[in-house]
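For 36-417, the entry in TrEMBL reads domain 'Major facilitator superfamily (MFS) profile'. Residues or ranges marked as transmembrane segment by TrEMBL: 34-57, 69-90, 102-122, 142-160, 172-192, 198-219, 240-261, 273-294, 306-326, 332-356, 376-400.
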Amino acid sequence: MGAEDLGATSRPYRTREVLEVKEKKTKKLTKKQWLTLCAIGSVHFSGAICISLQAPFYPKEAESKGANATEYGLVFGSFEFIAFFSSPILGRYMNFVGAKTMLSLGMILAAISAICFGLLDYIDDHATFITLSFILRMTESLGSTAALVSAFSITAAVFPKSVATTFATLEAFYGLGYIVGPTLGGLLFSLGGYVLPFAVMGTAMIIGTIFVFMVLPPINPSSNDFGHIKVKDVLKIPGVLLDSTCTVATSISMGFLAATLEPHIREFGLSSILNGLMFIISGGTYALIAPIVGRLCDKWVYPKKMLAVGALFIVASYIVIGPFPFLGIPKTLTLCIVGLVIHGFGLAGLMVPTFIDSICSAVAAGFPDDISTYGVISGLWSSSFALGAFIGPSIAGWLFDLVGFQYGSLFVISLHA
């Protein structure tokens, strides 16, 4: 059944019907698919490290150049800002450039930007340092976004029957990279100063690009004219709009915790190491559970039902972490840990189904089941995630200062209720 047949059917759309179209594919992964999975996994791993590598030491370096918290905070936020605007554009025109080519060029751009970011150590002027920090952070974001959007599309093209499972596995790579990034950055910084982390990361990405380019199979371009599918067209599909909204809300929830968890648990007097471990709990749980959720979505559970379950877990997590102000329960470290584990389950239940469901919804609405649609959906998903990642920390700090964590978290709860 082709895309046109799916779009023309008079029966109400159900995700399972579209997934059943994929059931004729082979069940076991071939050797080439395993290599492809490893290659794309390395892209996700390095993409996450790009975001988090400098977190332990860049603020101190920026302060030594005369920058304040607002300035270097905006440098960090500019990564997601650029990703939000560039993702839909990159996804729309990826069919023209070629998914494999865009991925490789994106990794090279991110690698060169990372290496140059390390050279900022030699600049003493405050204005020049901050200006170049913004420029290089933005080009790094553009390269990383191009690579990740392409990787999502290649995933849908190479693994048509198990998109959710594969996507979830790759998200586990991303989660691992996000956790490893600050640890690796801090270690390399202690060994060789500011330049070494970026030099190692950039060099590794260049070498990785060669591996990825050699391993990835050629991706057949769509026969449709490039750029003919617009983001606004797919957003008119109710299922895609719902998935995008869920992605934004989930990303806001992640950003809210990232910005407010440390001051929320500060009264427990944890060491810096234990504080760091607290931040790993949610992401680590997500990395472990995401592949299981992906398998469930591919085989047994409607993705939209999984979205409802994930939203309930997110609500429950904030009720426990706060704890909910109207319950009268005292805040304890144990409750915070349990809540973070629940939050990880919620992330898996929301992040994984949105991607596969958006593709199925678009195909069912009549869009071609090929790389042109995958590219637009990948760009939209990445853009939605970046928007939430930008909004979350921004509004979290304001709410925390205004009403504290317990009442501020009601904003996140309302998004998922």
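Count begins at 1; order follows the chain as displayed.
Cβ coordinates come from backbone N, Cα and C, glycine included.
For the transmembrane segment (102-122), the partner stretch with the highest count of Cβ pairs under 8 angstroms, out of 69-90, 198-219, 240-261, 306-326, 376-400, is 198-219. Nonlocal intrachain contacts for the transmembrane segment (240-261), taken as residues 6+ away from its ends with a CB within less than 8 angstroms of a stretch CB, comprise 234, 278-279, 282, 304, 307, 310-311, 314, 318, 321, 340, 343, 346-347, 350-351, 353-355, 357-358, 361-362, 377, 380-381, 384-397, 399-400, 405, 408-409, 411-412, 415-416.
Taking residue pairs at least 6 apart in sequence, the transmembrane segment (376-400) and the transmembrane segment (172-192) share fewer than three C-beta contacts under 8 angstroms.
This prediction places the mean pLDDT of the domain 'Major facilitator superfamily (MFS) profile' (36-417) at 86.
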